[in-house]
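Beneath this line is the structure, given in structure tokens, with notes to follow.
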Amino acid sequence: MLSILKVFIAICFMELVCSRSITSGEPRAKDIRVSRHILTPGYPENATVLVGGHVKLVCKLHQPASTRLQWFKKDSNRLGPDGSPVLTALTPLLENLSKVNIFPLVNISLEDAGEYVCKAENSAGQATRSAWVEVLSEVSEEPTEEPSEHLLLELGDVLKLRCDTNRPGAVQWFKSGVRVQHNARIQIRAAVMEIADVTYEDSGVYVCMLRGTKEALRNFTITVADAVGSGDDDDEDNGLDDIGPETENDQVYISRAPYWTHTQRMEKKLYAVPAGNTVKFRCPATGSPLPTIRWLKNGREFRGEHRIGGIKLRHQHWSLVMESVVPSDRGNYSCVVENKYGSIAHTYLLDVLERSPHRPILQAGLPKNTTAIVGGDAQFLCKVYSDAQPHIQWLKHIEMNGSRYGPDGIPYVKIVKTGSLNMSEVEVLYLTNISMEDAGEYSCLAGNSIGFSHQSAWLTVLSEEDVAKEVDLMEAKYTDIIIYASGFLALVMAIVIVVLCRMQVHPSREPFDTLPVQKLSKFPLRRQYSVESNSSGKSSASLMRVARLSSSCSPMLAGVMEFELPYDPDWEFPRENLTLGKPLGEGCFGQVVRAEAYGINKENQDHMATVAVKMLKDDATDKDLADLISEMELMKVMDKHKNIINLLGVCTQDGPLYVLVEYASKGSLREYLRARRPPGMDYTFDVTKVPEEQLTFKDLVSCAYQVARGMEYLASKRCIHRDLAARNVLVTEDNVMKIADFGLARGVHQIDYYKKTTNGRMPVKWMAPEALFDRVYTHQSDVWSFGVLMWEIFTLGGSPYPGIPVEELFKLLKEGHRMDKPSNCTHELYMKMRECWHAVPTQRPTFKQLVEELDRVLVSISDEYLDLSTPFEQYSPSCEDTSSSCSSDNDSVFTHDALSTEPCLLGYHDVHSRMDLKTTMR
């Protein structure tokens, strides 16, 4: 049933592209690719027309065949629940449109003046664009000297308009053809009209005329809107930037050089946004005459053809809009505003943060089940996390002909609310004056260009009789609780009284002499363990610490501590033959530096070899030293292996402890992959850098295979790594993968798991659920981490669970969510990742099985270079039917695996070809 609901919601979110009428039952399915853009910018256009004239409003569509459109007019005299003007529908919902849609206005009257809205929707979402129609009763034969002024004010501002004339006492003011009357809020003094505390109803066209004539001296288009921030909000909010004056705007009509109207909104100069977001830069300004604006990028003129995906230059709104930004959009963006009296400029810095794309994530536990009383109110909350702009719908499951499901098993629903994330309170569904018919299941559906997610909750409606019964039951329950609580408190008080009485009868003994007794003890700092090994079975040295202990309760005195490290001839390397070089990195308890070791190669004593040296920091503690020694001793008992970092020698005498290990010249696997990403990837690590080598798909499989071999060897030595990740795998000059960082590793001999009991920083995004929640570490928990490492490999160094807070990750893992298939991965290899992420540890494969499977895949593929523009199914030797994959072609973050035996969901394109949706519109 869960799979059916997911299939149904996928169709619903794509706006009924393949829908079926409930009444007629006739299908009209058509699989159409839709553009991310819906309406062409710049349409419809503002118009000014005389009474009795005609005008055509034009809306241009990008994909008319898959788009539905409707025309509205804003009624500024009526406000909706969110405080915005009510939209009055002028046409029904239009379908099967041409590329250009025209709404004609004929025989225009003064009542036709106002704002007209073109609203379109398709599977990509919704878009609205509007235009003002200004209606003039009559104009004088002589043209007015001043042009029409367009002003935008915020709620609560003061509007002051001046009409330039020699006869100020003979001026009358009209709004949309109706004379403006003087009242407590509107003051008309001679040729000046002042409106205090403006509201939405004050929006419109104002005209000043000479009394007794029909000569329009001047007209003003006024728009009142909410305060508009200068963040990177969506472009489809129908908001306008302030292009007019502030509270006192008398001086706007005199000659003046450009100036900023809202400098406080331009204080934020650095924008750091995730890739895929929409960015809007604003430079609200004015002047007289009205200035023009142009945009520069890094000091050069910036036009739409300079950027893939184009730009939107909304000059009348003083804004630059860029959709779906990528790292190549980074740079300095400057607006230059100028007229004949001067020019001003302002610069923004844009930094696009690298993110792997993902579908929306819904906060766990929301929406919640709700109970309401008949006639009361209720609300559902749905918290959405999404880098790309999401579209949200609220659905109610309904019954048709006595059934909640159609003949094909898909449930019936109706849409009760829809909108984008930046619309007012779209994440909240309000239900008022509830009746019994409102009871049922409600779903929150959120989707973006990558995919969709949904969660449901139930509304229970109680009658007054049900409420009375509930109250009686609660009162009875509370009575029982009070009785039991009173009895418990009485028992506790009795025990306390008895204890106090006994203390009075038997007074406490005199305390012992608390003089500190000093003694000297010598004890092992850490118990050493041995593992049977042909090469290093003699390594069982004890580390001793000498310290002064006090028997008093005061802290241990700061005395000299002496550590005794025994000399090991098999591993000791002369300190004078070692030349330290530049640092390579820092760990949790020490640092690693590059060094040259003379004679460390026993086969060639005269050879100078490059090594990596692990050592402690200056502020290291006893525990840090013990951890480094533990790692050293663990590496001693390991045989040489090609896919692990091997120990070469140690320096324990006459100086600080040095641990000499193999040097890997190409650094960590994570940075190795990132540095070799193709330049065409939207989230390339460095867009200016040409990859040193072009990786093949076989190279990626080889990386996973080599790491699996190294982990198979560690598992055979009963060693649990606990921090397996791409950052802890090093790459040599010959592209050999070597597992490193045994700082968190623990040897196991008689038990097969290690349970962590101390608190510390742990790699939570790589940890298995049993390690994360129960602190139990096994070889199977390392297998889980290996699955995450495979995901890193096939995303070329991507970050797991991008943009998900750690607290939210805990909930998602408990609910069974798993990461989706990377776009550069075959179905077969993704299934191996999913096996590694099995909720039951014993059901995960062993490293030996993983080595065998990856070896088989490696043998069956050829050296083909990566092409990230196409899916990787072509490289799969065994996955013939890709349509049944558990993930879409897009690279999203999560898929849900509530049950291990849950069947795979159909892909999106298969859904459209096989299923129909039954919906009704409220």
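Placement of Cβ uses the backbone N, Cα and C atoms for every residue, glycine included.
Because the structure is a prediction, the values reported are computed rather than measured.
Swiss-Prot has this to say about the protein:
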- Asp723: active site, proton acceptor (ACT_SITE)
- Leu584, Gly585, Glu586, Gly587, Cys588, Phe589, Gly590, Gln591, Val592, Lys614: ATP binding site (BINDING)
- 27-134: domain 'Ig-like C2-type 1' (DOMAIN)
- 143-223: domain 'Ig-like C2-type 2' (DOMAIN)
- 258-351: domain 'Ig-like C2-type 3' (DOMAIN)
- 360-460: domain 'Ig-like C2-type 4' (DOMAIN)
- 578-866: domain 'Protein kinase' (DOMAIN)
- Tyr753: phosphotyrosine (MOD_RES)
- Tyr754: phosphotyrosine (MOD_RES)
- Tyr865: phosphotyrosine (MOD_RES)
- 502-922: topological domain 'Cytoplasmic' (TOPO_DOM)
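Here the listed stretches are 27-134, 143-223, 258-351, 578-866, and the one with the most C-beta pairs under 8 angstroms to the domain 'Ig-like C2-type 4' (360-460) is 578-866. The recorded positions in question are Glu586, Asp723, and the one with the fewest Cβ neighbours inside 10 Å is Glu586. Note: the CA-CA distance between Gly590 (ATP binding site) and Asp723 (active site, proton acceptor) rounds to 16 Å. In this structure, the CA atom of Glu586 (ATP binding site) is 16 Å away from the CA atom of the residue listed as 'active site, proton acceptor'. Against the domain 'Ig-like C2-type 3' (258-351), stretch 578-866 has more CB pairs under 8 A than any other of 27-134, 143-223, 578-866. In the predicted model, the topological domain 'Cytoplasmic' (502-922) has a mean pLDDT of 71. In terms of DSSP secondary structure, the domain 'Ig-like C2-type 4' (360-460) contains 3 helix, 54 strand, 44 coil.
Comparing the residue listed as 'active site, proton acceptor' with Leu584 (ATP binding site), their Cα atoms are 19 Å apart once rounded.
The Cβ of Leu584 (ATP binding site) lies under 8 Å from the Cβ of Val592, Val593, Arg594, Ala612, each of which sits 6+ residues away along the same chain. A strand conformation is recorded for Leu584 (ATP binding site) in the three-state DSSP classification.
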